[in-house]
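Undergrad: My questions all concern the structure below.
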């Protein structure tokens, strides 16, 4: 089977088609990334008017800062909780669609509603429900003798931001898992049922391996989501507290750059975070292309 490359009448047309994307990439990624890398090697005054080259001193100081290391491990813990919990809960709800006979459309619509809610609004919603004084959920917990106050308890604060972040991301994961499960040939499921395999066994032995590429894709997407898109949730719910218990890397960058006006340190932290995201992207492009072949 022979293949030929498309031929454009004008030699400039391909460049014109690619130009908008290149311009957006340069303005909104390459230029800011270059600025962050430059500032990370400088000692900058709070207003950014003067600077002095200091090499890697900002990075050395960064990795000797106990508060930064704490935020680093907080990010690892937070992103792990958000990613694992979000994927498991979404997969469970997507698998339930097959067993809902009546009201399945309403169920699917209900599962997609959180996606229409902004992250900050999602955080405020759960803050109202978990309000220590008048929250509906805290009142219910008080009936069982459990005292809830996420402003003073670091574990409760972490649970709140993880819960709100997972709730916000459920719709996105549910949509992909549902589409992946529906794409599985029904003949495989029916053949396994005829052979005596129950619903649980059919799910773990047939469905789960076949949706592995989608699961891996969502794993990477949810890690990036936990690193970046959860900033509004943390800012609205806990502001990184109590005692920096919920201060992630992205929130520490914001606090030191915009509040503390330490541009060099925040730039160095941005470079470290950018490196982590690049690694995740490389992993995604390297492994997510694995194909599933139906025999």
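If you go along the chain as it appears here, the first residue is 1 and each next one adds 1.
Cβ coordinates come from backbone N, Cα and C, glycine included.
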Undergrad: Based on Swiss-Prot, are residue 80 and residue 102 on matching sides of the membrane?
TA: no
Undergrad: When Swiss-Prot marks a stretch as transmembrane segment, which of 208-228, 229-249 is it?
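TA: Checking Swiss-Prot against the ranges 208-228, 229-249, the transmembrane segment one is 208-228.
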Undergrad: Under Swiss-Prot, the annotation transmembrane segment belongs to which of these stretches: 110-130, 131-151?
TA: 110-130
